[in-house]
Amino acid sequence: MALSRRDFLKSSAAAAAASAVGLSVPKEVEAASKEAQKGWRWDKAVCRFCGTGCGIMIATKDDRIVAVKGDPLAPVNRGLNCIKGYFTAKIMYGADRLKTPLLRMNDKGEFDKKGKFRPVSWKRAFDEMEKQFRKAYNELGPTGVAFFGSGQYTVMEGYAAAKLMKAGFRSNNIDPNARHCMASAVAGFIQTFGIDEPAGCYDDIELTDTIVLWGSNMAEMHPILWARCTDRKLSDPNKVKVVVLSTYTHRSCDLADDVIIFKPNTDLAIWNYIARSIVYDHPDAIDWNFVKEYCVFATGYPDIGYGMRNPKRAEELGYSKKEMQTVWHQDHKKLSEDEKRALAPFGYGNADVMKMKHVKAAGKHWAISFEEFKKSLEPYTLDYVAKVAKGDPDESLESFKAKLQRLKDLYVEKGRKVVSFWTMGMNQHTRGTWDNELSYVVHFLLGKQALPGSGAFSLTGQPSACGTAREVGTFAHRLPADMVVFNPKHRAIAEKIWKLPKGTINPKVGSHIVKIMRDLEDGKIKFAWVHVCNPWQDTANANHWIKAARDMDNFIVVSDGYPGISAKVADLILPSAMIYEKWGAYGNAERRTQHWRQQVTPVGDAMPDIWQYTEFAKRFKLKDVWKEWKLPDGTVLPNVLDEAKKMGYSEDDTLFDVLFANDYYRSFKWPDPIGEGFLNTEAEGDKRNVIGADGKPWKGYGFFIQKALWEEYRKFGEGRGHDYAPFDVYHKVRGLRWPVVNGKDTPWRFNVNYDPYAKREKELGHVKGEFAFYGHALKVIPQGSLTGPDKNKPKIHLPNKAKIFARPYMEPPEVPDNEYDTWLCTGRVLEHWHSGTMTMRVPELYRAVPEALCYMHPEDAKKRGVKRGDLVVIESRRGKCKARVETRGRNRPPRGLVFVPWFDERVYINLVTLDATCPISKQTDYKKCAVKIYKA
């Protein structure tokens with residue numbers, strides 16, 4: 001059979017696609033495919049994008065990626081990919097890929113903050129970077145410098161960055177963009193369970209009878225999981241029910257049996273309605289054995305503010321009068337009648353204004369009785385909640401009530417398995433921690449948690465927000481394996497593993513990502529290094545942060561693959577190797593860790609982030625950083641140099657020598673059998689002979705630094721419920737769900753039938769039944785009532801118990817009014833990732849969705865004299881941007897709300913959004929603020 005070149009290529013592509021999903025193809029076509037694939041090397045990897053963690057197969061030829069397909073052996077996606085996954089390799093080959101360091105300079109070749117970007121060598125870049133770092137560090141100490149981290153760090157990158165910052169520079173000012181996406185989930189886990197991350201796994205989808213989405217457009221944000229949900233629904237459509245709760249209609253609603261459109265923030269009231277119905281109307285549905293054996297009731301303060309700036313400081317900085325209208329709610333807020341009713345059991349029923357007295361005690365909580373808990377639920381009758389929560393003005397109240405009742409009935413039905421999924425809708429919320437806690441309330445009361453097919457399940461947004469940001473501990477307060485910097489026992493463990501003198505690690509929590517921005521504006525931080533994120537596009541109320549970057553005496557470094565907004569406002573840009581140009585590992589939403597090998601050489605002079613951190617570490621000696629420091633709050637970090645000398649260190653040793661090139665690290669030899677035939681730029685250099693940070697051709701460290709980082713990191717989790725397998729094992733399997741004990745992973749945590757740690761608690765006689773909530777954090781708490789802790793009662797210990805929280809409904813700090821009459825919600829779309837820095841460079845994805853649109857109800861458009869395709873201004877008290885109107889399509893808001901994605905830097909929606917956060921988690925609420933919209 002003769003084939004033309006065109007037919008040959010088409011046949012090859014068809015054969016490759018067919019084989020990827022296990023279809024048989026004609027022999028002629030198969031032969032053509034094999035001919036086309038001559039010289040290709042296939043290897044397993046993981047997708048670059050969302051927290052689903054899909055496995056992919058990558059084909060390389062002549063040092064370039066030539067094909068990507070779903071990995072049929074990957075248990076997460078079983079050979080499927082979404083549109084981003086299929087084009088994941090193309091993100092590396094955009095026309096404007098950064099290939100050399102760029103420094104703002106004047107015509108004399110000197111650094112000039114007002115100068116233009118000019119190409120420089122790695123040495124020149126690091127010379128200036130070192131100079132500016134030392135300037136800030138020597139002036140302000142460890143609190144004067146910061147790293148913007150990421151939920152897209154590889155595990156080893158995040159570990160190296162955190163170790164450099166916390167063990168080396170003695171600063172806790174490292175915080176990831178995962179603060180924006182998962183912090184409320186984290187706080188909910190820690191406060192409820194005493195340990196982070198979900199109990200369940202993706203297998204729950206195939207095992208459940210009921211899928212409920214709370215603020216999650218899984219069809220676009222976790223499309224492969226949604227494919228599994230769809231398959232489950234279609235497998236038994238009469239039994240399996242799907243309910244979607246959202247503030248607007250989207251693609252996930254197409255599969256739903258019920259769609260509940262609620263008013264922003266009122267998910268708090270809906271959760272409480274379900275809990276009230278259980279306690280007051282269906283007490284027989286309560287699993288009292290579960291509740292009494294494994295739970296305790298608790299509550300905390302409601303008057304905790306909204307995570308905004310101190311209003312007086314905002315006034316000093318010249319915030320506008322309109323902006324201050326909202327900011328003052330951080331100090332006090334007039335309560336609506338609906339809020340008064342919800343807050344009455346907490347002692348605020350007669351208060352017209354809530355004074356935010358407990359801003360600094362937002363996370364404090366105490367045990368209460370069941371009767372007190374029951375009292376907190378009293379306001380949430382069906383009539384009250386329906387009136388408060390109905391989000392679509394065109395839906396009848398009776399229709400909305402009926403949906404709430406059907407939702408409640410699904411949860412309450414005995415024997416029915418229920419999984420509650422959520423993502424940013426619940427997490428990006430000024431009461432996001434409360435919202436997460438309330439999800440567990442319902443599941444705990446019913447005994448439907450930590451069981452196959454039943455549980456409250458927080459879905460991660462980013463590919464390694466779990467595996468790196470959370471597990472590694474790249475947050476301002478964390479160390480690996482759920483340890484925290486303010487716990488002296490945890491610091492001692494870290495200092496032992498890292499071989500540090502006692503007292504090296506700073507005990508003070510650093511600045512979270514929003515506070516880093518505020519500290520730059522305040523002059524408290526003067527050096528910031530951005531890793532694997534785009535915070536100047538991503539952070540709400542961006543006008544302030546642009547000013548802090550460009551108009552103040554701050555030095556901003558951005559390591560990136562492309563020139564996004566953060567790079568454009570920076571002083572120095574460092575070109576980073578992208579995902580398959582380096583070794584790495586990600587951890588997904590079901591605790592599954594997956595590793596990959598370096599597939600190709602980085603482009604241009606781009607270098608891996610690990611190399612950037614370790615090369616920078618070479619420029620600082622112990623005597624520069626381990627001396628005594630007096631911090632702004634009066635804390636004194638001791639001089640640990642004498643102790644370091646006793647440990648065999650010299651004060652002239654570099655941080656690289658001590659942290660990344662000690663005898664332990666050098667024991668991991670390269671070459672290594674696991675990497676046979678593969679590149680390792682950090683270990684051995686590569687064919688480019690890049691002129692490195694020391695001005696010499698880069699030839700590698702000579703040891704397997706990525707493996708060393710992994711093996712040291714996993715020491716933190718061993719025996720502490722965060723056990724990982726050895727490095728080599730992950731290159732032989734399709735990921736493992738931790739804890740990994742005796743070579744076996746754990747599908748369901750806290751369940752003695754599946755979790756070795758829970759099983760051990762039962763064997764030791766610490767629990768009687770099937771569950772053990774063995775997390776240790778926040779397990780000694782006071783006692784009290786709904787109105788506060790009781791100092792006369794002793795604290796109680798809660799081994800192996802979880803908490804059922806009483807949390808009231810409250811409104812957000814900014815709601816629509818006569819001038820700013822519309823809710824604004826932001827989010828993502830299927831085709832683009834986060835700020836679009838990568839996906840907007842992929843021609844196929846760009847053509848599919850070339851710009852961000854303002855999704856609006858047709859009646860709202862008509863009211864404003866605009867139509868589909870018209871350009872409008874979206875304006876808030878903080879800023880404005882322009883976008884084109886869309887009144888049809890995938891997102892269909894109710895009247896009074898618009899949805900604008902944030903992937904398009906030309907539609908800079910974070911100039912408009914409000915930088916209010918959950919006071920407990922410090923996560924920004926991007927889902928609600930008030931705007932006005934008019935024709936441009």
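Cβ coordinates come from backbone N, Cα and C, glycine included.
Note that the structure is predicted; figures quoted are calculated from it, not measured.
Look at Swiss-Prot and you will find 1-31 tagged as signal peptide, backed by sequence analysis.
Annotation source Swiss-Prot lists domain '4Fe-4S Mo/W bis-MGD-type' at 40-96, citing sequence analysis. If you take every residue in the domain '4Fe-4S Mo/W bis-MGD-type' (40-96) and average the pLDDT, you get 98.
When Cβ atoms from all protein chains are considered, those within 10 Å of C82 ([4Fe-4S] cluster binding site) total 25, not counting its own. Feature annotation from Swiss-Prot assigns [4Fe-4S] cluster binding site to C47, C50, C54, C82; the stated evidence is sequence analysis.
Sequence annotations record features per position, and here Swiss-Prot assigns Mo-bis(molybdopterin guanine dinucleotide) binding site to K84, Q152, N177, C181, 214-221, 246-250, M424, Q428, N534, 559-560, K582, D609, 826-835, N910, K927 based on sequence analysis. Taken residue by residue with DSSP, K84 (Mo-bis(molybdopterin guanine dinucleotide) binding site) is part of a helix.
The substrate binding site annotation in Swiss-Prot covers W902. DSSP gives W902 (substrate binding site) a coil state; it is part of no helix or strand.
Only C47, from the binding-site residues C47, C54, W902, place their Cα within 10 Å of the Cα belonging to K84 (Mo-bis(molybdopterin guanine dinucleotide) binding site). Annotation note: T249 (Mo-bis(molybdopterin guanine dinucleotide) binding site) sits in a strand segment as assigned by DSSP. Note: H832 (Mo-bis(molybdopterin guanine dinucleotide) binding site) has non-local neighbours K84, T839, M840, L845, V849, P901, F903, D904, i.e. same-chain residues 6+ apart with C-beta under 8 A of its own C-beta.
Within 10 Å of the C-beta of K927 (Mo-bis(molybdopterin guanine dinucleotide) binding site) there are 25 other C-beta atoms, taking all protein chains into account. One way to see the shell of the [4Fe-4S] cluster site is to take the Cβ centroid of C47, C50, C54, C82; the remaining same-chain residues with a Cβ within 8 Å of it are F49, T52, G53, N77, N81, K84, G85, T88, P223, I224. The C-beta environment of G215 (Mo-bis(molybdopterin guanine dinucleotide) binding site), restricted to residues of the same chain at least 6 apart in sequence and closer than 8 Å, consists of L245, S246, T247, D267, W422, T423, M424, G425, M426, N427, K927.
Secondary structure from DSSP puts C47 ([4Fe-4S] cluster binding site) in coil. Applying an 8 A CB threshold to same-chain residues 6+ apart, the list for C50 ([4Fe-4S] cluster binding site) reads K84, M221, H222, G461, Q462, P463, W833. When Cα-Cα distances from T249 (Mo-bis(molybdopterin guanine dinucleotide) binding site) are compared across the binding-site residues C54, C82, W902, the shortest belongs to W902.
Comparing Cα positions, G827 (Mo-bis(molybdopterin guanine dinucleotide) binding site) lies closest to W902 out of the binding-site residues C47, C54, C82, W902. On a Cα basis, C82 ([4Fe-4S] cluster binding site) lies 9 Å away from E220 (Mo-bis(molybdopterin guanine dinucleotide) binding site).
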